[in-house]
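**Student:** Dropping a structure here in structure tokens format, bear with me for questions.
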């Protein structure tokens, strides 16, 4: 048997992505003649793949893929990797088609066998029936489209009705309100000129003339009249004075004896018949009048027929007071001050008719107005109930006529039912005709499909081979990751155990250097495997609560030492609008930030690196960069500015001007305008990372996000890196439903930004029931303290204020030490000797502001002398902010009066708090956390626990046992799944089991399933609940996923090599913290 590898020099094969070019496919199938004869390498079963030359693998990888200086190293790597993988495949007897395992004769036979009858050829007789079925389906779809368009037309028709009805209701209310205001003004006029003038300036003739001449202001009123309040004992004198008798409204007879009357004394000529009639003689009228004077507001009657027009109308009544009322009068004060009542009659029917006559489309709808004060018996105010209308559709609009006691509404309907729209009549037949034609076209195309069926089979074969190659690639990556990470786990574990022993400084330095290198190698492997998982579509994001600000502070701490060594400003700012806790994949979010900040630190030698986080909608118009590389800047336009200082974080020019103070101050000023009614469950963040580094050449900007690509060949030599971080970051951002882009100017710097959609997480209860979020608990001892920050750079000062604000410190920013002296002196003058009053607690000075001039030391001494002279308060402490500081500068700062502690950058809230506790000589108190949120240490979780470690590798067993014993656990080791089953026979005394997944004979999944089966059988027999927490241990980062572990019955997952944080997250779910003695 022979295995033939057929390839040509133009074929492209990438062991990581397994992409075949068209040349390779045709060469594999020997289907077409090439200009150059493909080279055949024949290997028999007895031969080894090791006999392949490096040049053969170089040609397999593509002749032009490698530079001459890089060929030997990269060729040997892939050669050894592929040969090693082939040897493993031979040993495991796995049959995967990584390359074509057939010769030319077999290829020709296969191509000949594929030429047979196809599905369409075999079922040609069914094609007419299929066409008829197609026409029926098109008919059903056409009817569905008709129904959909008809429903849409009904919705639009309803929207128009709603708009027209609401418009009429608003206009009716507005016109009614105008008339009510005029009646109110007339009531005030009567009160002023009839009761406040002596003698009265109003009589019947004056009132009638005035109301007649101002009737144009009250077009909706048929008339107005004024009735005076008359009590019973004043009735006789009142009747003699007016020379008429008070009469009832219904019959015109003398009014019977009552406690109080309201006879009309003034009236408009149109309602002169109301003179002498008692407005309180009717029961409902009496109630309305009493309600008006008690509330001081206008009241309405129920609808009734007006005497002259016989139209439906209502009477509006206003109280008239004879004296001025207090600001908030009581009901008794209103009644006592009442002098009379001004009433106006509204002709509702005429009002609505006039309104509808002014509007377009009046004939299209039917309008009814109701009084629904009594909901069970609504009263018709306007409209004919028997009028013909489309009763299938109606809209109701509420009416407010100013009387809260009475309720009104307007109901609108169309006069006629909706006709079938023209677009429906044309679209549906057109769609049916098109569908019918499509059916005939498909029927004719069926014969053509028969002719291309052979090509389809050919492509199907290529697809099968590509899938087989993808399986081989996945297994290759899984095996390589396991085989590399397993010994690396042993190396890093042993180094960690070595560092726990007594070592000399030189030995410790060697061990720590080896540990750092090992972790760097693991990080590189993880990046390559992440890229592979992304290409395979197997990378998924988790959703857990986490604290963005804590994540960013942690990232800054990773690069703090390097930024100090380079004397560059490294800072972060998070908008107050960004929620404190969000839900998402904290690890992947952190990975993106680390990649971007790491690149900035790597390529920046001076200036600053500024990380800013805010809501993408917060400044959408001005903050979102243009969706183009470099913001559309051409190479001819890039000129390095000669300006010496810029309003940026460090004063150096940046590629993107949005983080300068002119733009940044608008973002800061909007911090307090957080909307409370945003009900969206998601939050869209924008994160920008600005640096003043070397920038990216224009010619390289198009390939920045391509994997394994860098600006040029010198980048890797000078700065290191693989060029894979940005491509992974781009994929992760897209998984977070965001986008990433950048603006870069050579020799100026770069600004990368990305957006990410995360979930809001406002309830602490949701956090407690999930994986513990990465939340930083800051000290609360600084709340209410006051500080002055001296910094001439406004952006940097705003960042400092942000971190101080997180600690609860109120900050005032000044630009110079002279201003600080003035501010401290003003504070001293305005201060209070009472200890409970606020005082100035600290003055924090930026190093740049201190060393900028020689006179600043004298200003510091003056500041100390002024503040120390206040006997009522402790003098504020002076502290210095610095990115780095020399010994001479430190000695000078101490002699000038600064505290011994210098707050080193990059600033983080926790670090500032720790330094200020030293500066202010505060006693460090244990943080008080909400119940259940205080993080337990691994020692408190594992002390006294008996744990079984199952692993076939003796080094891994020693590493795992050493790591667990370090935290007080009692460890027993087993070398296989069978031994573990023997030790875990119920009853046993183990508290947990750490189970390796890939073991010979019985893997960890099978061992776990059998353990769970034993526990289930024990429960069925003895009714005793047994559940041993089992945590998976594996170096295989592709197959050993969290879901697979849960499916087999495991409780958690720990990836090799062990990290203390990951170990804690896993065991914290199964164990509760034990109290441990302080000595331990």
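The backbone N, Cα and C atoms fix where each Cβ goes, glycine too.
Model, not experiment: these values are computed from the prediction.
Checked Swiss-Prot, it gives:
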type: TOPO_DOM; residues: 1-124; note: topological domain 'Cytoplasmic'
type: TRANSMEM; residues: 125-145; note: transmembrane segment
type: TOPO_DOM; residues: 146-429; note: topological domain 'Extracellular'
type: DOMAIN; residues: 198-411; note: domain 'CHASE'
type: BINDING; residues: 285, 307; note: N(6)-dimethylallyladenine binding site
type: BINDING; residues: 285, 307, 317; note: trans-zeatin binding site
type: BINDING; residues: 285, 307, 317; note: dihydrozeatin binding site
type: BINDING; residues: 285, 307; note: kinetin binding site
type: TRANSMEM; residues: 430-450; note: transmembrane segment
type: TOPO_DOM; residues: 451-1080; note: topological domain 'Cytoplasmic'
type: MOD_RES; residues: 482; note: phosphohistidine
type: DOMAIN; residues: 946-1071; note: domain 'Response regulatory 2'
type: BINDING; residues: 952, 996, 998; note: Mg(2+) binding site
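Could you place the listed features in the three-dimensional structure?
**Tutor:** Beyond its flanks by at least six residues, the transmembrane segment (125-145) meets 427-429, 431-432, 435-436, 438-440, 442-443, 446 of its own chain at Cβ-Cβ distances under 8 Å.
Classification of residue 285 (N(6)-dimethylallyladenine binding site) by DSSP places it within a helix.
If you draw a 10 Å sphere around the CB of residue 285 (N(6)-dimethylallyladenine binding site), it holds 20 other CB atoms from the protein chains shown.
Confidence for the domain 'Response regulatory 2' (946-1071), expressed as mean pLDDT, is 84.
Taking the Cβ of residue 996 (Mg(2+) binding site) as reference, residues of its chain lying under 8 Å away and at least six apart in sequence are, in sequence order, 950, 951, 952, 953, 956, 1004, 1032, 1033, 1034.
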**Student:** What else in the chain is close to the transmembrane segment (430-450), if you only count residues 6 or more beyond its ends and a Cβ gap under 8 Å?
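**Tutor:** Beyond its ends, the transmembrane segment (430-450) has Cβ neighbours at 118, 120-121, 124, 127, 130-131, 134-135, 138-139, 141-142, 145.
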**Student:** If you count the other Cβ atoms within 10 Å of each Cβ, which of the binding-site residues 317, 998 comes out on top?
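**Tutor:** In terms of Cβ crowding, the pick is 317.
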**Student:** Measuring Cα to Cα, how many angstrom lie between residue 285 (N(6)-dimethylallyladenine binding site) and residue 317 (trans-zeatin binding site)?
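**Tutor:** Distance between the two Cα atoms comes out at 9 Å.
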**Student:** For residue 952 (Mg(2+) binding site), just count the other CB atoms lying within 10 A of its CB, please.
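**Tutor:** By my count, 18.
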**Student:** For the recorded Mg(2+) site, enumerate neighbouring residues of the same chain (Cβ within 8 Å of the Cβ centroid of 952, 996, 998, site residues themselves excluded), in sequence order.
**Tutor:** 950, 951, 953, 956, 997, 999, 1000, 1003, 1004, 1034
**Student:** Residue counts in helix (H, G, I), strand (E, B) and coil for the domain 'Response regulatory 2' (946-1071), per DSSP?
**Tutor:** 53 helix, 24 strand, 49 coil
**Student:** Could you state the whole-number distance in Å separating the C-alpha atoms of residue 998 (Mg(2+) binding site) and residue 317 (trans-zeatin binding site)?
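**Tutor:** Answer for this pair: 91 Å between alpha carbons.
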